[in-house]
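Some notes on the structure that comes next.
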Amino acid sequence: MIEIADHTRIVSVAEMQLLEKEADAGGQSYAAMMEQAGTALAEAVQENYTLSGDGTVLVLSGPGNNGGDGLVCARHLNDAGYQVRVYLWKRGGSAVKEERAGSKRRKRGSRMRVDPPEDYEGHLGKLVERNVPVHNAEEDEDAVQLRAWLDAADVVVDALLGTGANRPIEGELAGILQQVAEVRNSRPLHGKFSAGEAGPEAGDPKAQPPLAVVAVDVPSGLNADSGALDAATVAADMTVTFGCAKTGQFQFPGAGVLGELVVADIGIPPELTADMRTFFLTPEQVGGLLPTRSRNSHKGTFGKGMAVVGSVNYPGAAYLSCAAMGRVGAGLVTGAIPQPVWVPVSSALAEPTWILLSHDLGVVNETAAANVTAKLGEYDALLIGCGLGQESATRAFMERLLLRNHRRRPSALPGAFVPSDGQAVEDGQQGSDTNSSTDSPFGTIRRRDQLPVEGPLLPPTVIDADGLNLLAQLEDWPSLLPADCVLTPHPAEMARLCGLSSVQEVADNRWELARKRAAAWQAVVLLKGPYTVIATPEGELAVLPVATAALATAGTGDILAGAITGLLAQGLSPFQAACLGAWLHGRAGELCEQRIGSAGGIASDLLTLLPAAMNELRE
């Protein structure tokens, strides 16, 4: 399997609250967690942003624990020499006045409730002692002070609302966020910067740098469970989240406003998160899955993969999927294709060997199942589906291939393993007594020796595209899947497999649907889309944090399926191959966007970028 690093785990808001409660009970207090959170936040600002000459950091601090984290951050930044200003919302002007008067009162409470053990006024007092400018929104008529501080700021720390907020933003808070957006939009393009990049024109010391926004846990207005966004939300350049990543940070539209996501340690013991099995993929994780490439090797060392793909309408699918298998390192690739497709595909792609399949008007037919089965024992991985078409002949092929290679159950069940043509035997194979069949109310019951002789089982298999659409047409299709199988549906294909009436039903519940169906179907399910999810029958769910419009073009799915199959051929498990294949595919898409743009790239542009993505991981 894949080792899950603690900082890659993804949790819901309720799960995060429980982790904090258990950590507190175990000795890591809420006050200590807040201190670590604010310290990590300050370190992230220091590591990524160097202020211009008169630039300041403006911390916008709200009423919750999120706001307390911001106050701790402000203290550490001040101590590090930054010019810091703090603007309070919903904290009460009296609190600041009391601190300035020297009040040292401390309320006791819980981070799970409104007040942490060391209350917010305590953190305010430490700022006042340091002469850090602090202003309260309720005392700022027409937001004059806010606007002046925003105009002078290089960095804004958004600590207004945290993961527990789920109400619409309105009133005073909406006005604060609108001011941030207006000032930011008046500046050059935002992002990381240093003092040397202070102006839009090199060497202009008077021009202000971009206004960077650093969000605390989530940008204010982002639902940390669903990823839903309030209209007032200001996108961040960086989001520093604490303990674990949150589910809403990996679901759109929320995922699109985080900027760079940093997961900061706040001292939660690793044993508390050990059973949490949802995580996001990182280069370090998937890089460890790359097959080793010994100099003392030959093509057989790196596996043999067969792809049953293509038709007269979709010859390109055969080209792209077979080429991708080779581009991720499979030693030998064989395309099993309808005979009329062979000339155009083999002319474009010289490296694979070919099996020419029987066909009906350019699509594989039922007889082709025997051609494929005869060769299966020679291969380490199989791909079925890219560009096959959905004609009745192809459906018959799919059913016959799966039936031929189905792992037989220990007893003969009513109606079991009877081919679609109703014959009790396959290809002339006869039982010892063909007249001993018995009709019953449950269908035809056949003796074991009348069942088709078991042929070679399918090797680890990827089913994609039309292969999935054909599966959805077969009765009880999950029982026909091979033991090691990866299904790679896009949302519409997933809806068909699940018997759902709309794609929206898939979009509304991608994670849980993938996880539940992987368990029910006993297969790895890779549900494609922005931030692809990969689920195992055992309950793991990996999220690929990649979304690029460069992949939104015909044929890229064929390349993904081929890449996964090529990795299966090299000995990776289905889950490993799906995770690494998805990463390489996504990274190739990002490289394509960098080199060509988000529009204009075509699927074949990804082929040479797959090895480039692999080399990045090796480096």
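Yeah, the Cβs are placed from backbone N, Cα and C, and that goes for glycine too.
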Among Asp6, Asp158, Asp265, Asp275 - the residue TrEMBL places in the same K(+) site as Asn66, Ser220: Asp158
Candidates Gly539, Gly555, Gly557, the one TrEMBL lists with Lys528, Gly529, Pro530, Tyr531, Thr532 as binding AMP: Gly557
Of Asn65, Thr163, Asn166 (the binding-site residues), the residue whose Cβ has the fewest other Cβ atoms within 10 Å: Asn166
Per DSSP, three-state class assigned to Gly68 ((6S)-NADPHX binding site): helix
Local confidence of the prediction over the domain 'YjeF C-terminal' (282-617), expressed as mean pLDDT: 87
Nonlocal residues around His490 ((6S)-NADPHX binding site), in sequence order (Cβ under 8 Å, 6 or more apart): Leu527, Lys528, Gly529, Gly557
Count of other CB atoms lying within 10 Å of the CB belonging to Gly68 ((6S)-NADPHX binding site): 31
